Amino acid sequence: MVSAKKVPAIAMSFGVSFALLHFLCLAACLNESPGQNQKEEKLCPENFTRILDSLLDGYDNRLRPGFGGPVTEVKTDIYVTSFGPVSDVEMEYTMDVFFRQTWIDKRLKYDGPIEILRLNNMMVTKVWTPDTFFRNGKKSVSHNMTAPNKLFRIMRNGTILYTMRLTISAECPMRLVDFPMDGHACPLKFGSYAYPKSEMIYTWTKGPEKSVEVPKESSSLVQYDLIGQTVSSETIKSITGEYIVMTVYFHLRRKMGYFMIQTYIPCIMTVILSQVSFWINKESVPARTVFGITTVLTMTTLSISARHSLPKVSYATAMDWFIAVCFAFVFSALIEFAAVNYFTNVQMEKAKRKTSKAPQEISAAPVLREKHPETPLQNTNANLSMRKRANALVHSESDVGSRTDVGNHSSKSSTVVQGSSEATPQSYLASSPNPFSRANAAETISAARAIPSALPSTPSRTGYVPRQVPVGSASTQHVFGSRLQRIKTTVNSIGTSGKLSATTTPSAPPPSGSGTSKIDKYARILFPVTFGAFNMVYWVVYLSKDTMEKSESLM
């Protein structure tokens with residue numbers, strides 16, 4: 001039997017044990033993390049089904065969020081995965097982007113342990129989405145391989161993130177006046193198709209500077225450099241209302257390398273080649289003609305090929321002006337040769353006419369001498385020189401005559417001269433390099449006639465008697481040889497009337513027109529200097545000019 005003192009002690013021990021057990025259970029409950037409970041709930045598919053069913057219960061996707069109330073704000077941003085190519089002929093560009101849109105739909109708010117509902121594209125068709133379209137897009141494609149490339153997420157507060165992968169071909173108006181030193185601002189415009197700004201507006205998610213991202217590895221273009229992008233927004237009015245339009249400008253600057261190799265350097269080399277013809281002799285007509293025609297055809301081919309990479313614009317570009325000036329230089333080189341050839345022929349014709357008049361004047365000289373006999377020379381010095389030469393001729397003949405019977409030969413030989421009182425130097429005729437020239441023909445006649453009159457007046461040595469010198473004597477032929485023979489030939493060609501025959505007065509050869517024309521000499525300096533000055537002005541103007549198109553800033 002338990003004593004009365006032990007009963008209270010046992011009851012107290014049970015109470016303490018119960019209190020301790022309760023404290024331990026409470027501590028265990030407090031130490032249990034809420035994440036584990038949330039994880040357990042996430043692992044249950046019934047939670048997702050319950051939340052989605054509750055969201056779509058009574059939801060009408062035909063009505064925008066806040067219908068009849070405040071304006072729906074759609075925030076957008078763009079991530080460019082690939083930019084290009086850019087077509088100058090079609091004036092368009094193509095790019096691949098991730099196009100993101102964010103808005104708040106309070107009808108999709110939910111309570112639960114799940115912070116974000118990550119859903120597939122099947123949910124997109126069951127909720128309201130903005131009717132965004134690209135205003136300047138020519139063709140836009142939403143990728144569907146292997147499934148539609150769409151991302152759809154619903155946050156607990158009703159915020160919705162909708163992302164699509166798109167390939168967009170958009171129009172890029174280009175002003176090609178400065179081609180190929182030009183730059184362009186290619187726009188991408190998008191907005192709501194049906195909702196005016198009184199119901200829906202667009203804004204940039206990260207602000208104007210960071211809402212459009214273009215990585216460097218995504219903008220590797222062949223003919224352009226993507227130097228940056230800017231954003232703006234504008235309001236467009238139409239008969240259905242005013243609409244907000246968001247615009248992104250991609251700034252492109254053209255690369256010059258291709259056009260330098262393909263057009264500019266060949267044009268410069270062709271012009272230089274056309275100017276080489278100025279250093280070719282003007283008589284080389286085939287060579288200079290080939291130079292001119294070949295360079296003109298080459299410039300024509302270059303101008304045609306340069307236009308293939310451009311649209312058929314009605315104005316001239318910077319490259320068109322350069323090609324036109326190069327073509328003008330090449331064509332001018334061909335015209336220059338035509339001018340040289342023309343003036344050379346004119347000069348040769350004038351020289352021929354002067355040459356044809358000279359023999360007529362010479363043939364008229366003997367006729368004047370018959371009417372007006374020549375008087376003795378008035379110049380005493382020339383007369384004395386003539387007499388000395390004739391005296392030397394007589395003395396030489398006399399020395400030879402002492403050993404040879406001159407009398408026998410003189411009866412058989414004809415004398416060189418006829419009796420006359422005219423005095424003209426005979427030795428001048430014999431020493432002349434061309435005794436049959438027009439200038440010496442008249443002097444030859446006078447010299448042949450003047451020999452007998454000169455001999456008697458010439459003082460002689462003692463024991464010698466002056467006498468006529470027969471041309472045909474052997475001693476004379478031995479001593480003077482060819483000179484007297486030329487005199488004899490000239491005298492025999494003279495007729496009884498004293499006129500020169502046509503055969504004794506051969507006309508001088510006509511001028512050949514060889515040498516360098518003055519036009520060529522001027523062209524050798526003028527053409528290169530002018531072309532160099534043109535290139536200097538051309539490149540300084542266009543390389544220092546700001547040719548980048550300006551985008552409109554309407555923020």
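Cβ coordinates come from backbone N, Cα and C, glycine included.
In Swiss-Prot this protein carries:
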type     : residues : note
TOPO_DOM : 36-259   : topological domain 'Extracellular'
TRANSMEM : 260-280  : transmembrane segment
TOPO_DOM : 281-284  : topological domain 'Cytoplasmic'
TRANSMEM : 285-305  : transmembrane segment
TOPO_DOM : 306-318  : topological domain 'Extracellular'
TRANSMEM : 319-341  : transmembrane segment
TOPO_DOM : 342-518  : topological domain 'Cytoplasmic'
REGION   : 354-435  : region 'Disordered'
COMPBIAS : 422-435  : compositional bias 'Polar residues'
REGION   : 495-516  : region 'Disordered'
TRANSMEM : 519-545  : transmembrane segment
TOPO_DOM : 546-555  : topological domain 'Extracellular'
Arithmetic mean of per-residue pLDDT over the topological domain 'Cytoplasmic' (281-284): 84
Long-range Cβ neighbours of the topological domain 'Extracellular' (306-318) (under 8 Å; 6 or more residues past either end): 88-91, 174, 176-182, 259, 262-263, 324, 542
Structural state census, the topological domain 'Extracellular' (306-318) (DSSP three-state): 3 helix, 0 strand, 10 coil
The topological domain 'Cytoplasmic' (281-284): DSSP-derived helix, strand, coil residue counts: 0 helix, 0 strand, 4 coil
